[in-house]
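Annotated features in Swiss-Prot:
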- 11: phosphoserine (MOD_RES)
- 27: phosphoserine (MOD_RES)
- 50, 53, 67, 70: Zn(2+) 1 binding site (BINDING)
- 50-70: zinc finger (ZN_FING)
- 88, 94, 104, 107: Zn(2+) 2 binding site (BINDING)
- 88-112: zinc finger (ZN_FING)
- 160-401: domain 'NR LBD' (DOMAIN)
- 225, 274: 3,3',5-triiodo-L-thyronine binding site (BINDING)
């Protein structure tokens, strides 16, 4: 009886006998190592067989349809130049199938050659590494090309959306103090203001009443401008007065924070409030906002990388305004549809702008979440301030919203 060959790592124990030059199964307990199941290319027919051993084929390998086992055997044989060492005790007359394929390496190799497997397609290690690198480079190139193609084919705003975008942009520009000239017209809050906290807050922070007084002087016109912005939006003016009030109370601090954040100046490390007062982080913090100040400054620093234009800021404000989850709203569905209309026009405008920042649109939408959190934190902070600070310091409109 022939013993298993040590040359082929896939060799199996001998459990067949030779009759008339052909191998036959000796026992029904003979184990068959079939090719591993896995990804099968779409060009193969169902249950297509390996042309060498008849096992289930996995693809087109070295110019033939073969299984993984015969592919690996042929590759190792050529790479390690093993075929000169192969021999057959039965004059090369072995029948090769999935049961006997590991018993005679010479006949298996001859079968590989006879069915058309190409030796010249087997690469050595260095060529295989180079080929794999080339494949990866081509895959990465195709990925970039597809990404560019998808960006080019993303829809820009429709004519109706352009009209809406124009209205929202003009509403923002006409209610945004100092416009694009804010840097030239801003005045820095004196450094000695906001450095000497006097009134204590329950959370341990201090409030500089002089700085707080300065901020309250600009808060009323800032709130008025947010209200005017909302009234210039057609969808907002169509809502019941009760819903308009709820939406304005909910978004007022969020929109004012956004307007301040987009006027962050990294050189002076200041935010410009209401288009006129430039303040540092500690001044805003000691002036009553506490930790909310850090959130607004951090937002300003992150937004500076986005290079938002007036239209994008305006559409962000419209999305914040039309938030259907505000408590007490009557026309929830209508408001939700309004916000969806703004969001779709916003997304199409982002496509039109073609920003270089990867995943610009989802990253920008996350800023809406940040602004909502700032609004919620400010509401909580404001409740404490009403208790700790003299009531006469609060403007009536500020108390109302």
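Glycine is no exception: its Cβ is also placed from the backbone N, Cα and C atoms.
The structure, with features from Swiss-Prot marked on it.
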residue: 53; record: Zn(2+) 1 binding site; contacts (Cβ under 8 Å, 6+ apart): 67, 69, 70, 96, 97, 98, 101, 108, 111
residue: 88; record: Zn(2+) 2 binding site; contacts (Cβ under 8 Å, 6+ apart): 94, 104, 106, 107
residue: 225; record: 3,3',5-triiodo-L-thyronine binding site; contacts (Cβ under 8 Å, 6+ apart): 175, 176, 177, 274
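Excluding the listed site residues 88, 94, 104, 107, the same chain places 90, 92, 93, 96, 103, 105, 106, 108, 110 with Cβ atoms within 8 Å of the centre of the Zn(2+) 2 site Cβ atoms. For residue 70 (Zn(2+) 1 binding site), other Cβ atoms within 10 Å of its Cβ number 32.
For the binding-site residues listed here (67, 94, 104, 107), the lowest count of other CB atoms within 10 A around the CB belongs to 107. The average pLDDT computed over the zinc finger (50-70) stands at 95. In the zinc finger (88-112), helix, strand and coil residues by DSSP number 8 helix, 0 strand, 17 coil. Across the zinc finger (50-70), DSSP assigns 3 helix, 7 strand, 11 coil. For the recorded site, residue 274 (3,3',5-triiodo-L-thyronine binding site), the DSSP three-state label reads coil. Residue 225 (3,3',5-triiodo-L-thyronine binding site) falls within a helical segment according to DSSP.
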